[in-house]
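Report on the structure given below.
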């Protein structure tokens, strides 16, 4: 299978070997990865709960989204970069792992949902949150929680 | 009763054995622990950055703190419960782990920093509630909190690589 061959090739590259043999690299990159997840979770929690009408209802949804959306994007970039380093160091742990691909699918889904339902709010600063957007807000919080569970379970499957 | 016997008694508890023996128990507890930590750090980050002078979604620091702190506390309680269960499953090994010991010290230091903030600058919050940036003492509290919680997360991840008992 292509992925397996690619994973084996990647595992043997000098970069991957170097990452594995320098003992502090993987825990350090994983720490950065968790810190970036915390940024996404904190930003998503406040944004989604505002859109769901639970907190900060005295502030316009556009104000809240405008404050935290750039943080979610920046944190996602850090997550993609640190995640890539972790894949390069240990390809077999991820590329051949179903949980890893479920996680990637969920992250992509969360990305698309965030993009499509937040952009309109950025344009209309004091716009009212539609009912579907409220449901999407709760759904996104659930998706991020499942992403965290998948992330931890990658190490065990 | 020495510390060693107490740790061994914790290790021998039925719930500790269950966590060790059930394949899904440990990763499930770890996932909940990570979720709790990201909620603690994510919400504290917003407050700490506001204390450092980076604007949040509302101007009032007092209202921001009262809005987000309940989430921080609930998540912290979840982190303590899940962390205690993870600890119980291998009590002697965790207690002997340098990173685990340092992590507890860092959490205690973050707690002391918070207590000092609440006993001093927070009492006079009406005077700087809308200030961006807030007074220097407030910024120091915010900076120390961010630094200590970052250290807590890094040490926590390191435990997974340095713990003597792996299963």
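Our numbering is plain: 1 for the first residue shown, then up by one each step along the chain.
Cβ atoms here come from the backbone N, Cα and C positions, even for glycine.
Annotated by TrEMBL as transmembrane segment, the relevant range among B:7-31, B:32-56 is B:32-56. Taking Cβ pairs closer than 8 Å, the transmembrane segment (B:32-56) reaches residues 64-65, 68-69, 71-72, 74-76, 78-79, 82-83, 86, 132-134, 138-139, 141-143, 145-146, 149-150, 152-153, 156 in its own chain, all 6 or more past its ends.
Mean model confidence for the domain 'DUF6644' (B:30-161) is a pLDDT of 97.
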